[in-house]
Amino acid sequence: MRALYFRTTTLSTFFILCSLASNDIPRTGGNKIVQPPKPNILKQGCPSDLLHSRALRSIQLACRSHPATVISAFEGIQEGLQNCANRLRFQQWDCSEAGNIMHDPPLLRQGFRESSLIWALSSASAAWGVATACAQGWIDDCACNNHMGQNEYEFGGCTHGVQHGITASRKLLTKVGAVNSLLRKVEKHNLKAGRLAIKKTLISSCKCHGVSGSCQQKTCWKRTATLEHITDYLVEKYARAKLYTDDSVVKTTDLIYLEASPDVCKVKSVAGRVCAWRNETHTQGDCDRLCCGNGFSIRHEVVRVKCDCEFVWCCNLVCKDCIQHRWISTCNGTPPKSLIF
């Protein structure tokens, strides 16, 4: 698992550094669009855990025919889960142990409110990952045209990559066969809500054309929002998720769930979780609440961190090394009580 995390971090960092740059304004050399090099993991094919995945037959098939698409989707999901863990870091349930949908985690065999978020976030993140890879020119099926034509204003961005990402997410993550149970129905609904989140958060990008930068003509296209923004959008939906019954009337963009969630303190170990011991307002990050009454420990750390970072076009982030003193408070606790959360 440690090696898998390293692989994920490598590609996800590249996503962050280059995705907005390629989606906004194409880098050109003469009349040719200059694309960043394809990461090595997209050239190596699917790893064995995806190639032999038992969770989704579609993953196995796509790994053989379109491995770069599967890997881009997987990495997008991993990035989405990391964003979710950061966004919910002050909540008792924080996404950190939810598991990737492509590995069939226990949480997605239940109909909890938390399950609805992971379904939707996985669907949206997979679409985002593929759309970003398309915009970079890393996936042959949807890469932007290599040539812009005689006039630069003819270039209309990479809008088709967004739809390709949404379609790929649907094909990869939606289970085939009849929807014959409430859980499958809820799963399918939340996956669709995640794909719709991509459309709801699209950003318009425009480029002016004319003498000396005047806007005599303008080319506009749609691009995906940052994954952080998409995650925030879905977390807000999660906070307003609706309990679903046979006669429920819900919007396609709503997140829905089937049953009340268990008490996190009774099913999930909090041992080692970082909390804010100096927080006297007893709100975000409060140790008493996050540690479920198990108490906490405080230790001093001297850590080396990156600082004074500069973005060097394209796509390198150059930073200095700095020393930082930290007081870290972590929850005491017992071993994990459940594999669900």
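Placed from the backbone N, Cα and C atoms, the Cβ positions cover glycine too.
The annotation disulfide bond is assigned in Swiss-Prot to Cys84-Cys95, Cys134-Cys142, Cys144-Cys158, Cys206-Cys220, Cys208-Cys215, Cys265-Cys292, Cys275-Cys287, Cys291-Cys331, Cys307-Cys322, Cys309-Cys319, Cys314-Cys315. Look at Swiss-Prot and you will find Asn279 tagged as N-linked glycosylation site, backed by sequence analysis. What Swiss-Prot records for Ser212 is O-palmitoleoyl serine. Marked as signal peptide by Swiss-Prot on the basis of sequence analysis: 1-21.
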When the Cα of Cys134 (disulfide bond) is compared with the Cα of each of the disulfide-bonded residues Cys208, Cys215, Cys265, Cys287, Cys307, which one is closest? Cys208
Just to verify a number: CA distance, Cys307 (disulfide bond) to Cys319 (disulfide bond), in angstrom, no decimals. 6
Based on Cα distances to Cys309 (disulfide bond), point out the closest of the disulfide-bonded residues Cys220, Cys275, Cys291, Cys292. Cys275
List, in sequence order, the same-chain residues at least six positions removed whose CB sits under 8 Å from that of Cys206 (disulfide bond)? Lys218, Thr219, Cys220, Trp221
Within 10 Å of each Cβ, count the other Cβ atoms, then let me know which of the disulfide-bonded residues Cys84, Cys322, Cys331 comes out lowest. Cys322
On the three-state reduction of DSSP, what should I expect for Cys292 (disulfide bond)? coil
Assigned element (helix, strand, coil) containing Cys84 (disulfide bond), judged by DSSP: helix
Note: among disulfide-bonded residues Cys215, Cys292, least Cβ-dense neighbourhood at 10 Å is Cys215
Would you please pick out, from the disulfide-bonded residues Cys134, Cys208, Cys291, the one with the fewest other Cβ atoms within 10 Å of its Cβ? Cys208
Which one of the disulfide-bonded residues (Cys287, Cys307) has its C-beta surrounded by the most other C-beta atoms within 10 angstroms? Cys287
If you measure from the Cα of Cys331 (disulfide bond), which of the disulfide-bonded residues Cys208, Cys215, Cys287, Cys319, Cys322 is the nearest? Cys287
Inter-residue C-alpha distance, Cys142 (disulfide bond) and Cys291 (disulfide bond) (nearest angstrom): 47
Can you figure out which of Cys208, Cys265, Cys322 (the disulfide-bonded residues) comes closest in space to Cys95 (disulfide bond), comparing Cα atoms? Cys265
List the Cα distance (Å, whole number) between Cys287 (disulfide bond) and Cys265 (disulfide bond). 13
